[in-house]
Amino acid sequence: MSGVVVVGAQWGDEGKGKLIDVFAEKADMVVRYQGGANAGHTLVVNGQKTVLHLVPSGILRPETTCVIASGVVIDVFSIRDEIKKLKDTGFLQNPKQLLISDTATLILPYHKALDAAREAALSDGKIGTTGKGIGPAYEDRASRRAILFGDLFDKDNLKKKLELALTEKNFMLENYYKGSTFKADDLIKDLLAVAEELAPYRTKDTSLFISKSLKSGKRVLFEGAQGTMLDILHGTYPFVTSSSTLASNACASAGIGPASVQKVIGVFKAYTTRVGSGPFPTELNDEIGKKIQADGHEFGSTTGRSRRCGWLDLVALKYAIRVNGITNLAMMKLDVLTGHDRIGVCTAYKLNGEIITDLPTSPYELEKVEPVIEWIPGWTQDLTKVKTLSDLPRPTTNYIDYLGSQLGTPIDVISVGPGREQTLWVKPLFNN
């Protein structure tokens, strides 16, 4: 079995979309296993930029089957528009290329309204939600009252479940947040219309389809969204997303056993970024941070928000390697660090006068740490035209070698630009 999980090893926005698109050349299938339209995966092919939020990043390769698994929360109006844009630009011409699980949870307009109302009510304690309704939709799934993708195709059941949901949601919106309410008839009309458009992609049991594909020798990539440090259980809670972003969730969401996974690839930037609130030990609130932000175009593809930037944090990265069981690493945006006299790498933290090398479990402790920085000589050469590893300047290879020795996990892929061709391979993705 050739299952490979691709997981974000930082706070998201590591470049997983580009990597999945590159990997998909050698894969038969890409499975998106968690999150929702809060993800923004940017792909650049032949100079054309495509931003995906729900559709798996393998969709730009016509021969690759893409699956949205049970653990994803789907805004049906958003995915309808995303599919239309793909079709209008020449992609997804065959509906059999995209399969959507019947048991995936729906994000409905009242989820987004609740998300926005709650964030506004938090005042100074904002989490930094994207306002896409992700959290409220996952809440409904956990409380066993979610409306699923398959419900769209059963009008009577959809009406019954929607009316029950609105009894609670409208009460909350009106009485707790003084907001507008929703009418069941209007929502049902809109949902039935979008159901017709999405019907060609409906798949009752994606778990069975994925399992059969793996057993027949197909190469399957599992695409995560966000990053390890945003995991609901093992991230910097409460400054996290509402799903498990770890590699282990690929199996649970897709409905396969862990023995199906051959390797776990952790994706990280050559520096660190974070969007929204929460601790960020290596954050640079100076001209260097602004330069990294500008050179890396560090603005969210989903929200447009600027990303906080800082030096690479090896304490957090080693934590991600441990909790995911990462076997191989991919370093993205190495080209962005061109032009710095020296490059900082955080190798430890100082907390209350003591040096620590393990990530604190409390975000409030993490907020107090001071990064212990080691300095590596920088380089001035433009890396975006580099075609082979041997063409990299010596200071750059020294940086790569230093990180590899510190992390104890091989760096197999290095990205030096947004395009497919700007990818350097140390070792092939699949073993066979």
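Each residue, glycine too, has its Cβ placed from N, Cα and C.
Taken from Swiss-Prot as is:
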{"type": "ACT_SITE", "residues": "ASP13", "note": "active site, proton acceptor"}
{"type": "ACT_SITE", "residues": "HIS41", "note": "active site, proton donor"}
{"type": "BINDING", "residues": "12-18, 40-42, ARG307, 333-335, 415-417", "note": "GTP binding site"}
{"type": "BINDING", "residues": "ASP13, GLY40", "note": "Mg(2+) binding site"}
{"type": "BINDING", "residues": "ASP13, GLU14, GLY15, LYS16, ASN38, ALA39, GLY40, HIS41, THR130, ARG144, GLN226, THR241, ARG305", "note": "IMP binding site"}
{"type": "BINDING", "residues": "SER301, THR302, THR303, GLY304, ARG305, SER306, ARG307", "note": "substrate binding site"}
Recorded IMP site residues ASP13, GLU14, GLY15, LYS16, ASN38, ALA39, GLY40, HIS41, THR130, ARG144, GLN226, THR241, ARG305, farthest C-alpha pair in Å: 34
Which listed residue (LEU334, VAL416) has most other Cβ within 10 Å, given these are binding-site residues: VAL416
Spatially closest candidate among GLY40, GLY304, SER306, VAL416, the listed binding-site residues, to GLN226 (IMP binding site) (Cα to Cα): GLY40
Cβ-Cβ neighbours of ARG305 (IMP binding site) (radius 10 Å): 13
Count of other CB atoms lying within 10 Å of the CB belonging to ASN38 (IMP binding site): 28
Of ASP13, LYS18, ARG305, SER306, LEU334, VAL416, i.e. the recorded positions, those within 10 Å of GLY40 (Mg(2+) binding site) when Cα atoms are compared: ASP13
Structural state of LYS18 (GTP binding site), classified by DSSP into three states: helix
Recorded positions clustered about the residue listed as 'active site, proton donor' [Cα within 10 Å; pool: ASP13, LYS18, ARG305, ARG307, LEU334]: ASP13, LYS18
Assigned conformation of HIS41 (active site, proton donor) - DSSP reduced to three states: strand
SER306 (substrate binding site) - helix vs strand vs coil (DSSP): strand
